[in-house]
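Some features that TrEMBL has for this protein:
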DOMAIN    9-81  domain 'Pyrroline-5-carboxylate reductase catalytic N-terminal'
BINDING   Asn35  NADPH binding site
BINDING   Ala48, Thr49, Lys50, Pro51  NADP(+) binding site
DOMAIN    144-248  domain 'Pyrroline-5-carboxylate reductase dimerisation'
Amino acid sequence: VFSGKVKAANVLASAPSDRNLGAFKELGCKTTHCNSEVLQHCTVVFLATKPSLYRGLPRHQAVPAPPAVPRDHVIVSVAAGVTLQILEELLPAGTKVLRVMPNLPCVVQEGAVVFARGSCAGEQEAALLKSLLSSCGLCEETPESYIDIHTGLSGSGVAYVYLFAEALADGAVKMGMPSALANRIAAQTLLGAAKMILDTGEHPAKLRTDVCTPGGTTIHALHELEKGALRATVMNAVEAATVRARELGKR
Ligand SMILES: NC(=O)C1=CN([C@@H]2O[C@H](COP(=O)(O)OP(=O)(O)OC[C@H]3O[C@@H](n4cnc5c(N)ncnc54)[C@H](OP(=O)(O)O)[C@@H]3O)[C@@H](O)[C@H]2O)C=CC1
Ligand SMILES: O=C(O)[C@@H]1CCC=N1
């Protein structure tokens, strides 16, 4: 909607309450509390409920679809861990289904999204989804096995980055800088560092070395981060979220 690729008036969002629907209304999207209305009016349907909702559902009933999901519909799930196999078991046979893992910065069109397609979804559905989601940022089709890893790296990863941003700013506050300024500078530091990786194509280790003046400030700071095992801790975090995503997929 933000990119202009989809007209807000052509979007119909459904949820039991108005908790999240207000944001859709503000954008000019239509809303309902009746899921089957979405199936009636829309051919591309995103399932964005919590993964736990899929657990224990009887086969072929993930979508209350009287009488079934029509053959021209494309169903896209964003639920962490919920596999294509589970989705295909839950949906009527022959349903074109794709599985996506987005991350929060999609809302500012700087997201990182990967997706994989089910056995009945072809090139056409993959191209449609890629075209829609490319407006949210980087969007790649990958083997399904990468989706849980992407969840640990990026879906959840933005939260680790926020924690790091908060810690950077807190360090500056400790040293006497006002919090609002420290937060803005911490965010710009992350943005600039990320842009350098993407624009130069350099490995982060090379760029990090470039910042380290011999005997200077950075190497003293990096020594502290190594003593705190920052790298091993972050690797453990990615692993923990990936393992959890795999658990969420178990029925
Ligand atoms: N948060 C994130 O950064 C990311 C989340 N995800 C995935 O997105 C999904 C949603 O997570 P999140 O946005 O955090 O959770 P939210 O609770 O904000 O959103 C879930 C929505 O599902 C609605 N809902 C619940 N039951 C039904 C139902 N039977 N039919 C239709 N809608 C229903 C809820 O309605 P109501 O508003 O009435 O409660 C709510 O609006 C999860 O599967 C998660 O794994 C994936 C990537 C990133
Ligand atoms: O925490 C979660 O389970 C979801 C999936 C990725 C980001 N948030």
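The backbone N, Cα and C atoms fix where each Cβ goes, and this holds for glycine too.
All annotation found in TrEMBL is predicted automatically rather than curated by experts.
Overlay of TrEMBL annotations on the structure.
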residue	record	contacts (Cβ under 8 Å, 6+ apart)
Ala48	NADP(+) binding site	Val78, Ala79
Thr49	NADP(+) binding site	Ala79
Lys50	NADP(+) binding site	Ala79
Pro51	NADP(+) binding site	Ala79, Ala80, Gly81, Val82, Leu248, Gly249
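DSSP classifies Thr49 (NADP(+) binding site) as coil under the three-state reduction. Counting Cβ atoms from all protein chains shown, the residue listed as 'NADPH binding site' has 17 others lying within 10 Å of its own Cβ.
With helix defined as DSSP H, G or I and strand as E or B, the domain 'Pyrroline-5-carboxylate reductase dimerisation' (144-248) counts 89 helix, 0 strand, 16 coil. Residues Ala48, Thr49, Lys50, Pro51 make up the record's NADP(+) site, and a Cβ search at 8 Å around their centroid adds Leu47, Ser52, Leu53, Tyr54, Val78, Ala79, Val82 from the same chain.
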